[in-house]
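What follows is one structure encoded as structure tokens, with my remarks underneath.
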Amino acid sequence: MSDNQNKPGKPNKPEAKQASKYPVNMTDTSFPMRGDLAKREPQWVKQWQDKKIYEKIREASKGRPKFILHDGPPYANGDIHIGHAVNKILKDMIVKTRQFDGYDAPYVPGWDCHGMPIEIQIEKLYGKSLPTAEVLEKSRAYATEQIERQKKDFIRLGVLGEWDNPYKTMDFGNEADEIRALGTLLEKGYVYRGLKPVNWCFDCGSALAEAEVEYQDKRDPAIDVGFPFAEPEKVAKAFGLAKLPTNKGYAVIWTTTPWTIPANQALNVHPEFTYALVQTERKGETVLLILAADLVEATLQRYGLEGKTIATCVGEALAMIKFKHPFADVDPGYNRLSPIYPGTYVTADSGTGIVHSAPAYGIEDFISCKSHGLKDDEIVAPVMADGKYASWLPLFGGLTIWEASKPICAKLDEVGSLFKLVMFDHSYMHCWRHKTPIIYRATSQWFAGMDVMPKNQGTTLRETALAAIEQTEFFPGWGKARLHGMIANRPDWTLSRQRQWGVPMAFFVHKESGDLHPRTPELLEQIAQRVEKNGIEAWLKLDPKELLGDDADMYLKNKDTLDVWFDSGTTHQTVLRGSHKEQLAFPADLYLEGSDQHRGWFHSSLLTSSMLNGHAPYKALLTHGFVVDGEGKKMSKSKGNVVAPQKVSDSLGADILRLWVAATDYSGELSISDEILKRVTESYRRIRNTLRFLLSNTSDFDAGKDLVAVADMLEIDRYAIAQMNAMQNEIVAHYRAYEFHPVISKLQGYCTEDLGGFYLDILKDRLYTSGVTSHARRSAQSAIWHLTQSLLRLMAPVLSFTAEEAWVIFAGKDAGDTIFTQTYYALPEVADGDALLGKYTLLREVRNDVTKQLEEVRVAGGIGSSLQAEVALQASGDKFAALESLDDDLKFVLITSQASVKKVAGTEEESVLVTPSTYQKCERCWHYRADVGSHAEHEGLCGRCVANLFGKGEARHFA
């Protein structure tokens, strides 16, 4: 009793037939058709918590090989967003797939707790004048509160983990171990103090890590500035001239940072470029300009001048020639000379081919000037931490650097050194928190040296980290080149920050020499022991005399805190080998984060582990893309295109969100919108309907006594198991490669096409009309029992709530506490499995052809349903052999009342002939058969229904 006009996977259940005296085997299930996920999922969350399911999974996994996914900690501030949800769901799916694969895969979630964003929140709530002790107290309380909010939302997503014992970077033990890690790096020789330009945010009042810098468009004055000749004789000699036609001349530079001009201390040319000495008339007098030869024409045109090149030389010839500061004649404070230093970083793409150098405000400037002998105390650094010029700076003291641009340009014009000013739009560094422009600013900081040769190790940090990248597996593969490029080109790591809420760089520094106390490693351990008991507050309260005794008066407590990227970057030490070493292991098998973490957590973790251990803290890195809206646009509240995970969970259910994550190729951008979620919901319904059919039709099946051995099953049942075995192998292989969207594609296709569109469609007749305990029906039930065992486990990592709901109903007394203590199902071997897969591939092709013909006849009015038809096939070769082998069961595969096959010589003679049946319809199975009414006591039944209800039952061998 089946009809391929019905929806796939849905039994045809007319109420009239149910109530008749010849009922079919219509079983039911408590697994509802409607998921009602938003209502039911929170009940499962509570049940998992009440039953301590995570702990039971750990108990069941004891003794298995471990798989460690180390959680990159989200920051403990604000509600989780859709990106957080993607990240946590991906992690949860991977942990669960490894768990099903026979591993002990614990998941310890974590939080990043120190740093600027929380300090800013405390300032907003309580003002900027709080004592440090109160800042620490309130920051700790605030972070704790935020963690609880985020934790609740993560748990709601179906993420299983050690939520009652997560790691937090602000845990006293972790803070202490971080100080110990700093001590180890100091002893190894990686850590040094120096004056260097670092990323500096005026709003933060602190240095920034590379990962805290983002780029936005900014409009600035682009100016061409002339530095007057101070040594005209040397200029003449460099250009091969006996004498200059005039001593009035300029080396002209181009810059988009006018505020750096007051701090100029040198000029740079490329040693191999050709430079021209150009004679021109300007403001009624003859002047000479030094410009890159290739840029002369464009530059003069920009200035509105005409001129001629009177001599040329290579850049190297100009080395060490000095020029006056443009403001030298205005104020004696600028009465210094700027020498030319050759630099290969100078380009001739635009500007003048000459660069001005302010070593306090540019990395290349700093390196160039230092390499030519400039000492730290000679560096001109007038910009204060708040972005204002120091009061001692002539002409512009007290102004912010941004408001000073205008008066600087005006003064340059006044002294005749401004050759051109235009407003220029360019991509410029901004603070990722404040969205305000930042600068490079030379300050005294603590660094980890990338190219320092440490003690007892034969390679530098850069070399060690680059070698570690080669030993790391990347998903997707392009992440390797990205991380390699960042490590290869990065400057020394600025470890210190000028903040309060952070792990202290707990050094004692000599008041006069600036040297660290000679017992620093020993002192750091003593301080760590105090922090372990009382947190970082212990350092704040510490009186130096307690540790230094009589030396205390000669030393100052260092006020710097560690970069928060050092906090999270050392969790492989503080967590994997520290607070959670019993649960976890080092190195981790996998770190998984968004693509921005190549310069964030992946990066800092690699550097710290390379310094501490000589290798990476992870065996593999997985990167996922960012979430965008349905049109591929970045999400923002102003655009109104933000999708909140909480809203999706509360309306559609977390399983819908999980299915969306799994179905999307995470290696690129992940698009989400109401329309996309609507499609995902439809896909979910098809999967759920399939599960409902499977559960319903095994509800009266007891595997302990009813299970039919595979060798004794009907052929199509053996095929179904062989097909599931092949698919399970493919899906598990995808899971092992962290590939989810192919899994979802296979599961959807399996439920819709393989089951709903073929196997279950054929099976309905046998399930509904065969004898309740007949071999034919038990064979079908045995097959779908095996399929369900496998299917629920395969879908559980993704559709965790739905799989658990179905598992409890399906497995009954054997369900245990949860599906998540199971491993992938060992499907029984099918001896002729490969042959059956080949055979049924052919049969499905034929069935598709027949179905098309049936539809044409139905549309033309010849039949109402496929069971009203009789089919005569002509086939050749393997196709004929496959069809003929089914004997009288062929009609069940084609879902027609009669089917026959005749052999022909070749494919050109093959055909499908559909004719309406002339027989009566059986009121029970709906087949049109010659023997309907042949039994006097049961006039409405066909012979096989009479046999199934009152006799020995029909014989089925194949389908």
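Note that Cβ sites are derived from N, Cα and C of the backbone, with glycine treated the same way.
Remember, predicted model here, so these are calculated numbers, not experimental data.
Summarising the annotation, Swiss-Prot assigns L-isoleucyl-5'-AMP binding site to E593 and lists sequence analysis as the type of evidence. Taken from Swiss-Prot, the feature ATP binding site applies to K637. Sequence annotations record features per position, and here Swiss-Prot assigns Zn(2+) binding site to C922, C925, C942, C945. Annotation source Swiss-Prot lists region 'Disordered' at 1-33. As annotated by Swiss-Prot, motif ''HIGH' region' applies to 74-84. Taken from Swiss-Prot, the feature motif ''KMSKS' region' covers 634-638.
Annotated features, which come from Swiss-Prot, shown on the structure.
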residue: E593; record: L-isoleucyl-5'-AMP binding site; Cβ contacts under 8 Å, 6 or more apart: G72, N87, G600, W601, F602, L622, T623, H624
residue: K637; record: ATP binding site; Cβ contacts under 8 Å, 6 or more apart: none
residue: C922; record: Zn(2+) binding site; Cβ contacts under 8 Å, 6 or more apart: Y928, R929, V932, G940, L941, C942, C945
Six or more residues out from either end of the motif ''KMSKS' region' (634-638), which same-chain residues have a Cβ under 8 Å from its Cβ atoms?
82, 626-628
Whole-number mean of pLDDT values that fall within the motif ''KMSKS' region' (634-638):
83
Which Cβ among the binding-site residues (C925, C942) has the fewest C-beta neighbours inside 10 Å?
C925
Helix, strand and coil residues within the motif ''KMSKS' region' (634-638) as assigned by DSSP:
0 helix, 1 strand, 4 coil
Helix, strand and coil residues within the motif ''HIGH' region' (74-84) as assigned by DSSP:
3 helix, 1 strand, 7 coil
If you draw a 10 Å sphere on the Cβ of C945 (Zn(2+) binding site), how many other Cβ atoms land inside?
27
What three-state secondary structure does DSSP assign to E593 (L-isoleucyl-5'-AMP binding site)?
strand
Sort C945 (Zn(2+) binding site) into helix, strand or coil using the DSSP assignment.
helix
Which state, by DSSP, holds C922 (Zn(2+) binding site): helix, strand or coil?
coil
